[in-house]
Amino acid sequence: MTTNSSDAAGPKHKTVEAGIALLIALFGAIVIVGSLKAGINWGAEGPRAGFFPFYVGIIIIASSAVNLLHVLRDGDNGLFAEWGQLRQVMSVVVPTAIYVGAMPFTGLYVASIVFIGWFMRWLGKYSWLTVLAVAFGMPIVTYFIFERWFLVPLPKGPLEEWLGL
Amino acid sequence: MEEIVNLFHGFAVALQPFNIMVMVLGIVLGVIIGVLPGLGGANGVAILLPLTFSMPPTSAIIMLSCIYWGALFGGAITSILFNIPGEPWSVATTFDGYPMAQQGKAGEALTAAFTSSFVGALFAVIMITLVAPLVASFALQFGPAEKFAVYFLAFCSFVGLSKEPPFKTIAAMMMGFALAAVGLDSITGQLRLTFGFTELLNGFDFLIAVIGLFGIGEILLTMEEGLNFRGGNAKIDLRVVLHTWKGLPRYWMTSLRSCIIGCWMGVTPAGATPASFMSYGIAKRVAKNGHNFGKGEIEGVIAPETAAHAAGTAALLPMLSLGVPGSPTAAVLLGGLLIWGLQPGPMLFVEQKEFVWGLIASMYLGNLMGLIVVLTCVPIFAAILRVPFSIIAPLILVLCAIGAYSVHSSTFDVILMLVFGVVGYLLKKCNYPLAPLVLAIVLGDKAEEAFRQSLLGSQGSLGVFFSNALVSTIMILGLIALFWSAIQQGYSRLRTAAA
């Protein structure tokens, strides 16, 4: 699909993988701290609530240490991704984050219309007519399938309230 | 004999008009899911799970399992026509399927793929019909230690059979266990790992994790690759179908071998992806024209497709009889059962006979219907794939958000979904397997409960897991599975030393 040219720039696979191993180890440490709070010894009802996750946390840290060692010793020296590819990924992550963040305030429908429209217009460079047709069409179809036919309520905002939906 | 009578009762349930309707709907939605890049079987079933909330449990599980069959079929369409494996288990199908399409034999390749898928699934369903009730009645005698041993075996199999490095599999799996532990402890009723966040009281729902890890993560990967679809001709007619069918019996040995490989890998639970690769590899080694594999050999399509479907279907055997799902999609189906208040496992065969046999009957009918639907509608499904990704992607993202929200009607879950998505993208790029993570989130609570109950019974002694022949055997099998790659390495070193 895509080919990495030799002069392409981007973060190294080894660096990212080492970072991920450290983050996973950090997650393991958080699990251990949480488990210690809940109690890891033997109580009246047998092993206490933190008993199982405590050992899980220890295994997470131990396996991350091994993974980190492997990465540092003979990890992949190539690129994790080119900067351009990461920009493509961020061009989805950032608008999706805004979409998800706006949903509690605007409701699902308004946020979806703006999100789909913006995505198609900005990334796809479609004509306004196509953009409007898809951006409005999808939420309308969603409304009928989920809310009317299968009775699954979806988050609504001020506009839906005003429309009495 | 009793199984056959029960199965006929099951057919009576599955053949009710409403159930037939949901079957067709499920198959069509499943094929669309299989065809679209960025949507997989597990993710598709998770997103569409809310659609079934208002249905009776039997109809709901029929629809969800049909989405699963549809997704299995759909993967082959993209592999053969576009050289894009819609699902990981379709990768091996591209090796010979796409060259066949380039040679103008797309219809033949598609027919062979669909028919092989059907044969693989049929073989596995027959096995489920005959074996599942036996396994379930055997499992009824299990105590907490035996139950934990079964979970232990399932998880160790993932470590031993996974193609990813074992310590990455262990790290991913343990993260799943830790996420499953968040919230209310089911034994003591105490809160743990919530760190004061009220949103975490109910823990992490695995459906949110599935939608994020598989759905959003996959979209991000696809975005990075900058997909460009150029497909072969999707034409398929009755003449091509009949002509291909006439030639297929010649490969009965390949089919049978692939069925057995698939069933074994599905139950163990290595899953459909390694099954398809292993089946392809063995077929290539054994076949007389093995050197032609990769250049458009029909046997190279039959082998992986048969095995993938047999494995995908066989993964439901441990789910139904033991409550241990053999694949992420089976795990989502198990989650569905729990939502409807059904407890998967041996008791299901005693308490919910109508449900279990209705589901098994629908596996026969669903696959047959799937075969008919895909054979007749390939051009329509192929056309869906020609819709540009910049239209498909936001629609899938909106669907993911709807799916995540509907699980608990919570917008916090939608935020979690996005976080899981980014994590899934990074983990996948760094070669961490996601399936054991998801399965650990699903089974974490149950495995922990069995573990703690066993220890409670033995006053803390780990000897309880080796206290009788049954539990010892399962645990030892688990340990063998855990160290499988090390055992293999040691064995090959010994052989080289001896030579």
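Count begins at 1; order follows the chain as displayed.
Using N, Cα and C of the backbone, Cβ positions are placed for all residues, glycine too.
TrEMBL annotations:
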type	residues	note
DOMAIN	B:20-439	domain 'DUF112'
TRANSMEM	B:20-49	transmembrane segment
TRANSMEM	B:61-82	transmembrane segment
TRANSMEM	B:109-136	transmembrane segment
TRANSMEM	B:148-163	transmembrane segment
TRANSMEM	B:169-188	transmembrane segment
TRANSMEM	B:200-221	transmembrane segment
TRANSMEM	B:326-343	transmembrane segment
TRANSMEM	B:355-381	transmembrane segment
TRANSMEM	B:387-407	transmembrane segment
TRANSMEM	B:463-487	transmembrane segment
Residue list, the transmembrane segment (B:20-49) vs rest of chain: Cβ under 8 Å, 6 or more residues beyond ends.
14, 55, 59, 62-78, 84, 86-87, 207, 210-211, 214-215, 218-219, 222, 227, 312, 327-329, 331-333, 335-336, 339, 362, 365-366, 369-370, 373-374, 377, 381-382, 384-385, 389, 392-393, 396, 399-400, 402-403, 406-407, 438
Cβ-Cβ under 8 Å with the transmembrane segment (B:355-381): same-chain residues at least 6 beyond its ends:
6-7, 9-11, 13-15, 19-20, 23-24, 26-28, 30-32, 35, 57-58, 61-62, 65-66, 69-70, 73-74, 77, 110-111, 114-115, 117-118, 121-122, 125, 128-129, 132, 234-236, 241, 313, 316, 320, 342, 348-349
Does the transmembrane segment (B:463-487) make contact with the transmembrane segment (B:109-136) through 3 or more Cβ pairs under 8 Å, each pair 6 or more apart in sequence?
no
Out of B:109-136, B:148-163, B:169-188, B:200-221, B:387-407, which stretch has the largest tally of CB pairs under 8 angstroms to the transmembrane segment (B:61-82)?
B:109-136
Please check if the transmembrane segment (B:387-407) comes into contact with the transmembrane segment (B:200-221), where contact means 3 or more CB pairs closer than 8 Å and the residues in each pair are separated by 6 or more positions.
yes
So which of B:109-136, B:169-188, B:200-221, B:326-343 has the most C-beta pairs under 8 Å when paired with the transmembrane segment (B:148-163)?
B:169-188
Near the transmembrane segment (B:326-343), which residues from the same chain, at least 6 beyond its ends, have a CB less than 8 A from one of its CBs?
41-42, 45-46, 49, 52-53, 57, 60-61, 64-65, 68, 71, 154, 206-207, 210, 214, 266-269, 271-272, 311-312, 314-319, 352, 355, 434-435, 438-439, 442-443
At a C-beta cut-off of under 8 Å, are there same-chain residues at least 6 beyond the transmembrane segment (B:169-188) that contact it? List them, or none.
155, 158-159, 162, 194, 200-204, 206, 209, 427, 432-434, 436-445, 447-449, 452-453
